[in-house]
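Here is what Swiss-Prot says about this protein:
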BINDING   Ser71, Thr72, Arg73, Thr74, Gln98, His165, Pro166, Thr167, Gln168, Cys330, Leu331  carbamoyl phosphate binding site
Amino acid sequence: MMKTVNELIKDINSLTSHLHEKDFLLTWEQTPDELKQVLDVAAALKALRAENISTKVFNSGLGISVFRDNSTRTRFSYASALNLLGLAQQDLDEGKSQIAHGETVRETANMISFCADAIGIRDDMYLGAGNAYMREVGAALDDGYKQGVLPQRPALVNLQCDIDHPTQSMADLAWLREHFGSLENLKGKKIAMTWAYSPSYGKPLSVPQGIIGLMTRFGMDVTLAHPEGYDLIPDVVEVAKNNAKASGGSFRQVTSMEEAFKDADIVYPKSWAPYKVMEQRTELLRANDHEGLKALEKQCLAQNAQHKDWHCTEEMMELTRDGEALYMHCLPADISGVSCKEGEVTEGVFEKYRIATYKEASWKPYIIAAMILSRKYAKPGALLEQLLKEAQERVK
């Protein structure tokens, strides 16, 4: 049973949070109360919209988007979040800007932010670069605000980097809270974050890393499964281990999809490229080595093809708790016989859970809006209370 807006506001007001003083770049940099605040603010915004109450807290202002990789769900979720709050979106096309002519990050960050209240960045292609770039932008914004160049400090949101995908994992957590009733009900639940076969290579590590980095915060039993050699960034695996110890949950790694699925309450079969491959790919991309990239792709596709049995089938789902585990995916899934010949999941399994995955995805606009709101307002609970009190109809 979802809480009412008034109940959510009461919960938000009881939390100790400093999100208004920092950017949301990695989930494990935030305290449990700060994570709960984002979830509660998102739930309140979603409930207000369902009741046809306007949530436009900004009368003007821009939300800047910087996408250095392709995106559908996150791009539209970010645009939706901005509109939800009353901000207009402007996409920065780096190829058509002075960045292409050598303009510095410091200068660009300030030049685009005179009337900006939010900047969302996706930069996931280069290991060791995406999150670092976001922090460089953040430092430039801090300096611009401190020096009086900017009248306000825009909220900076990580829309996916090389390390984490916080808007995705937080949307996933919001969906799990909705599905199971509360965060408390997630304690002891087994979630299997598993690699799955895909006919493509080079998929980022940030989704599985985001899942193991966040779900271990809430006492869940997290199992990471992948074939030998498909490791994630070692530092993030250590984060997951430490999180599990602190929360009273567990974290383990296995090399069997069947073992991971056994008695799981939630399964998240998703392809990713091995950490070592992504390191090589980054070096080749930086060197603009097209022949090297082609050779690496050929090698990786051959390696992937050895593991076609890592496939989320009806038989695999039968291994889960009562054969009814919740299937999750960040989308788009590689559906065998639909979007590809052989992929991550069978058509039957995906169709059974298709609506569930759409509901999972539906949380992302509200999560992004909650991150922006929490960065811009020290007391989001009071702001939501005001919106509820005024109760201006969104559509008349």
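Don't overthink the numbers, they just go from 1 along the chain as shown.
Note that Cβ sites are derived from N, Cα and C of the backbone, with glycine treated the same way.
Overlay of Swiss-Prot annotations on the structure.
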{"residue": "Ser71", "record": "carbamoyl phosphate binding site", "Cβ within 10 Å": "16"}
{"residue": "Arg73", "record": "carbamoyl phosphate binding site", "Cβ within 10 Å": "16"}
{"residue": "Pro166", "record": "carbamoyl phosphate binding site", "Cβ within 10 Å": "29"}
{"residue": "Gln168", "record": "carbamoyl phosphate binding site", "Cβ within 10 Å": "26"}
{"residue": "Leu331", "record": "carbamoyl phosphate binding site", "Cβ within 10 Å": "14"}
